[in-house]
Amino acid sequence: MKKIDKYDKKMEKILRNIGEFEEKKPSNEAIDKLVFKAKEFINSEENENRIGFIEFIALQIQIMKKEWLFAQMLLLFFAGYWLSISKEIVYMQRGLSVLAALFVIFIIPELWKNIENKSMEIEKSSLFDLRGVYAAKLIAFGLIDTGILTVFCIYAVEIQKILVVDLLGQFVFPIMISSIICMMAFSRKRYLNQFVTMIICLAANMGWMLIILNDNLYLKITPIVWILIFIMCALLLFYFIQKVLHDNTEYLEGKFNELSFE
């Protein structure tokens, strides 16, 4: 009985003083610290399994279709063979501008396929943001094309004895023109069909070919003019590549797929 009375007294004391106990709530500072630690842990786990950007570029090269690459290599082989058998070597060199346009045109289907296939939503949800995806694609194209163009230029200069200045003006410069048109079309806010882009590239280089086939006009182009033209083309190409990697690309995808990515 004494034990029961003692227990009852303890319970009575607790019940009487229950109002004095307050529920302890964590401070905002403690909550913020916990959230920060959780994010830090999740990011560290993701980064352990996430590939680097260099690996991502290599992956882009691996998964992209190679038909355009083989077509470009075949085109350069044909150009080299044509140079070796042509008797009118001067006019043949100037006719390289059409082949230069085709060289760039061959990569347009590969670059445009994501828009044509409406696969932007997948890229938007990838580990790398959309800017990183397109940067990787353009770097991949640039590395491969620079490699095969370097081989062709060495062949043309060393074997066919073409002057570097002539090669730059009659082949490399038309490639820059086509690349500018390609990047300008790709960075547009309104979708431009790839076949329309190809036609514009061909038309622009046909116009350039008419200029360089005209001796009276072509021979008046001084070295300073060539330098200024190359600088202007390089700046334009850089500008439109920047546009591809920034806001206009996302706007294009949203308009084309009728989706809004915020």
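Backbone N, Cα and C define each Cβ position, glycine as well.
Residues or ranges marked as transmembrane segment by TrEMBL: 68-85 (among others). Beyond its flanks by at least six residues, the transmembrane segment (68-85) meets 92-93, 96, 99, 102-103, 106-107, 109-110, 144-145, 148-149, 151-152, 155-156, 159-160, 162 of its own chain at Cβ-Cβ distances under 8 Å.
Residues or ranges marked as transmembrane segment in TrEMBL: 91-112 (among others).
Residues or ranges marked as transmembrane segment by TrEMBL: 133-157 (among others). Away from its own ends, the transmembrane segment (133-157) comes close to residues 53, 56-57, 60-61, 64, 69, 72-73, 76, 79-80, 83, 103, 107, 110-111, 123, 126, 163-164, 167, 171-172, 175, 241, 244-245, 249 of its chain (Cβ-Cβ under 8 Å, at least six residues beyond either end).
What TrEMBL lists as transmembrane segment is 163-184 (among others).
Annotation source TrEMBL lists transmembrane segment at 191-211 (among others).
Listed by sequence, the residues of this chain that lie at least six past the ends of the transmembrane segment (217-241) yet keep a Cβ under 8 A from its Cβ atoms are 94, 138, 165, 168-169, 173, 176-177, 179-180, 183-184, 186-187, 211. Per TrEMBL, transmembrane segment is recorded for 217-241 (among others).
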